[in-house]
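Notes follow the structure.
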């Protein structure tokens, strides 16, 4: 109440209509701290929300009003003098429904609060600016066919973003725009229901329904939204099966065998799945014992098959009655039944030229092995069932008796052997016999009877491993035997040691009387270093008729074992080979040594075949040295400054140079006086002499040699290139033009420009 005395907030709506009653209503307890502003206002001027006024405000402008909170300064602004609050932006209730603001009055000069802060709310008043929306559309629904009127299909729900608490902006009403007269919708709930009875899936399966939701209670001016609902009718068993024909004619030849198909028929049922499933059965007819019915699992057809062979001469036609029915019947539609149908099948038997028929489907005979050629095995018999009763001829197809063990009499079917048979090689012979009027075959199985003609032998030929430390009396092996012959009733094998080892000191044998025998050790102290293998011959008797026996050798190997009698090694090699090296490792080492030796020998051989240098020099050839002198020398005629002896080969000064590639046939001594003196000034003669010696000496080096000497020779056509000498020679050149080249060429012009004077002066001097 104190707050109300201090502040007065005037709503713009109240001021515009009953402005004079604002203060009066406040005194009556009007809630001043909550008022409204309409959303989506698009006018040119800001909306006046309300006005703040304090009791201490005398109107002289000393009070300043301050607004803070949500949207203060951006959405809501206040006139700090009058306290008027305006909304400067368009508001959307769906974005924010209300704003909380705080108002305060302060002294304009000192900013000292004159009133405590007061909080108030600005609510955004809703308008109908949002249409209804179906958030989960489009919808899909299923309803059984033949449903009663009013059966619920599904419920659709629309949402409206407008304020449901204010006006009718969010009050929705549903209606159906498409799908009548088959379906309807409840206006308030949006539940879709069937509107027509007996809607048949077989006539139409799918329906497209459009539902509208409209706000403002469905009145004019309201906004609306639509959605599509696809409704599918599901199947029920409302259709009985029906055979397209009442009578089905079929035929079968008398030569068909049981199990062969005679014909097919199918009842139609437009229902789906289990509702359209049809079961078939034979219910009547004179052919129920001759024919049988089955159902194809893929096509769901009734298949009529031959159960027994038919005979044209005995009966030429049969009749069957087939029933097709639904196994799954809906009790709701029992009155629509019955859910079954019947059809008649008439089967005619066709005549066929039948082949001879053997009296038995197969024959089994026995014959003893090793029976002589021509022994009778047995007889087969076939007859012609036709009225003509033609004679039958017999034969054995060669592909069933490739090795031709048997022969048959073509007239009476007697089978005989063509050579002795061995049961151990082949104990059964399966052949075929053909009887022709028309090709007919019967299987004949001939078993070869056994004769005891094979001795028994060990069942396995494995070695027996025995520890060195085996104790006397221990069983080291139990042996058994096999026999290729058949064992007669109560026939068994007996075992004994061969006579030559019957009194040995190492092993003994005990017959267990169950076709096995145990081997015992008689002593201890076996050593594989002394003897690692023992051979024990054993006689085996099969007690047959006639009795057969054989001697088989049992190999017993002595092995090294640990304290638990676990075999460690049964070979002698580990005691012979060096520790840590196996046979493979030694072979690899030897192979490496042999390869290294071969490489060394090959390298030495190649070194010996390599040629040595043709000339042996004790020191480097003098021609490979460069001798540098720092003096200029005295010219071409000065022979004292250079010793010509250095041009000679020091190695050949006292004899011939040896050649390494050939052996000289002649030895040429040096001609006296042939070599010029070392100090001779005639260098030209010296060079010519050396060339002649090289051309005629077979021991000279076999390679070409180029030697260059700084000697021009006598009478050389080349003149001197010295610039000093050019001063004293006569020249026709005129160097007066050097005077015009400037001060840089003054010295040169003086030297060549005064040529005549200097030369003449010199000449005059000489002449005088």
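Positions of Cβ are set from backbone N, Cα and C atoms, glycine also.
What TrEMBL says about a protein is an automatic prediction, not a curated fact.
Across the domain 'Cadherin' (54-134), the prediction's mean pLDDT works out to 85. Summarising the annotation, TrEMBL assigns domain 'Cadherin' to 54-134 (among others).
What TrEMBL records for 135-243 (among others) is domain 'Cadherin'.
Residues in the domain 'Cadherin' (244-358) partition by DSSP class (helix H, G, I; strand E, B; coil) as 10 helix, 51 strand, 54 coil. Residues annotated as domain 'Cadherin' in TrEMBL: 244-358 (among others).
Residues or ranges marked as domain 'Cadherin' by TrEMBL: 359-458 (among others).
The feature domain 'Cadherin' is assigned by TrEMBL to 458-576 (among others).
According to TrEMBL, the feature transmembrane segment maps to 575-606.
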* To do: Could you put numbers on the helix, strand and coil content of the domain 'Cadherin' (54-134), residue by residue per DSSP?
  => 0 helix, 36 strand, 45 coil
